[in-house]
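Here the structure is laid out as structure tokens; the discussion comes afterwards.
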Amino acid sequence: MVQSAATLLPQTIGPLKAWKFNPTDEDQRELHQYSPNQEVTIAELAQIGVLYWNIDVSDEKYEDKVETICAERQYKNRDVINIRRETLPNYDQKIKTFFEEHIHEDEEIRFILEGSGFFDVRNRNDEWIRVAATASDMIILPAGMYHRFTLDTNNHIKAMRLFKEDPQWTPLNRDNPTTDSNKFRLEYLKNVHGATVLPQITGPLLAWRFNETNEDQRELHQFTPNQPVSIPELAKLGVLYWNIDVQNEKFMDTVETICSERKYKNRDVINIRKETLPNYDEKIKTFFEEHIHEDEEIRFILDGSGYFDIRDKNDSWIRVAAKASDMIILPAGMYHRFTLDTSNYIKAMRLFKEDPQWTPLNRADVATQSNTFRVSYVKEFHGVSPLKRNSEEAGDVEPLGKAVKVGDADQVAEAAV
């Protein structure tokens with residue numbers, strides 16, 4: 001649980017600077033700012049659990065203020081580290097190891113005495129925020145938060161590290177598949193992100209860059225070599241994902257947990273197969289029209305398989321392979337489309353809050369680009385206004401009008417997966 005700040009010293013004061021990280025090929029020690037810079041406020045950092053104080057190290061009584069915080073937050077031990085290029089063997093290699101994304105099972109508390117560096121932290125959309133730490137800054141990162149650190153181009157930092165008892169500072173790297181289910185990570189997600197106790201970014205979901213060939217839409221459409229897209233990359237576009245083993249007799253308990261957390265009150269099940277759906281080949285072409293919805297699209301695959309294609313920030317297609325045990329949520333306003341694969345069969349549970357707003361708004365309709373939900377999606381996940389883009393965007397078609405009975409092939413034909 002994120003703790004409150006010390007009574008005598010408010011968090012949200014001081015000159016701390018932070019901004020959205022621009023992932024260019026520059027050296028990790030450069031600023032990595034967009035043009036214009038996309039600043040992040042101290043208040044916004046506080047919303048994701050980052051605490052901050054500015055304690056002037058030129059004030060001869062600065063240690064009294066440090067002691068106040070230590071007493072309130074029960075920090076009993078400390079040490080001082082001093083890193084500079086001239087004295088650290090294999091400096092360039094070492095700072096690359098600091099820069100690997102990880103969590104800790106304890107708070108990370110750093111009070112900068114001299115020099116400077118950057119803490120990168122993940123926001124709720126899984127984007128990097130770069131926090132510039134300089135002399136007089138005290139920064140606390142909560143247990144379970146994904147982050148990394150690098151010195152800047154000054155190549156020097158001297159910092160006091162504070163901790164309660166024996167610090168749990170072993171880095172748990174993100175590329176380890178067990179880290180997302182670590183209990184401190186789950187607690188962080190629940191307390192700070194408001195996320196379900198189930199981590200989104202787990203499981204065997206596969207996605208890749210879509211190769212625009214003349215092949216049937218049901219084929220893989222992969223480049224050679226394949227260009228995979230990771231689950232964290234999908235999360236940056238607003239896609240949520242869980243893997244819920246349908247072979248586990250209690251799998252519905254997990255579904256109910258998500259429904260309760262995300263306020264999904266209704267559901268139905270659709271069953272589409274070539275043998276039972278009249279005009280199958282024609283119908284799946286209608287599912288494949290690009291569109292948006294004014295509500296989330298939530299699909300839990302019970303059997304069979306298919307593909308969701310979604311647009312990235314560059315308006316390129318990403319193909320997401322959905323199979324049994326995958327739960328996928330596409331945000332309102334995201335351009336997408338759906339097709340079955342060559343197995344020609346899928347059975348899926350559809351979840352929704354009240355009466356679903358599933359009327360497809362096709363990209364071919366010029367009004368779709370200025371739709372309120374489209375504009376909100378682009379602003380939140382792309383960081384720009386869709387009305388300023390050079391190319392117009394559009395959404396994939398799942399003609400979902402109303403709930404249908406399980407197995408009713410004629411009605412299912414009117415309701416895309």
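Note that Cβ sites are derived from N, Cα and C of the backbone, with glycine treated the same way.
Note that the structure is a prediction, hence the values are computed from the model and not measured.
Database features, via TrEMBL:
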- His102, His104, Glu108, His147, His291, His293, Glu297, His336: Fe(2+) binding site (BINDING)
- His102, His104, Glu108, His147, His291, His293, Glu297, His336: Ni(2+) binding site (BINDING)
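Comparing the binding-site residues Glu108, Glu297 by how many other C-beta atoms lie within 10 angstroms of each C-beta, the top residue is Glu297. A sphere of 10 angstroms centred on the C-beta of His336 (Fe(2+) binding site) encloses 25 other C-beta atoms. Under the DSSP three-state reduction, His104 (Fe(2+) binding site) is assigned to coil, being neither helix nor strand.
Each of the binding-site residues His147, His291, His293 was scored by how many other Cβ atoms lie within 10 Å of its Cβ, and the smallest score goes to His147.
For His102 (Fe(2+) binding site), the number of other Cβ atoms no farther than 10 Å from its own Cβ, over all displayed protein chains, is 19. In the three-state DSSP scheme, Glu297 (Fe(2+) binding site) falls into the strand class. A strand conformation is recorded for His336 (Fe(2+) binding site) in the three-state DSSP classification. Cβ neighbour count for His104 (Fe(2+) binding site) (all protein chains, 10 Å cutoff from its Cβ): 19.
When secondary structure is read from DSSP and collapsed to three states, His291 (Fe(2+) binding site) falls in the strand class.
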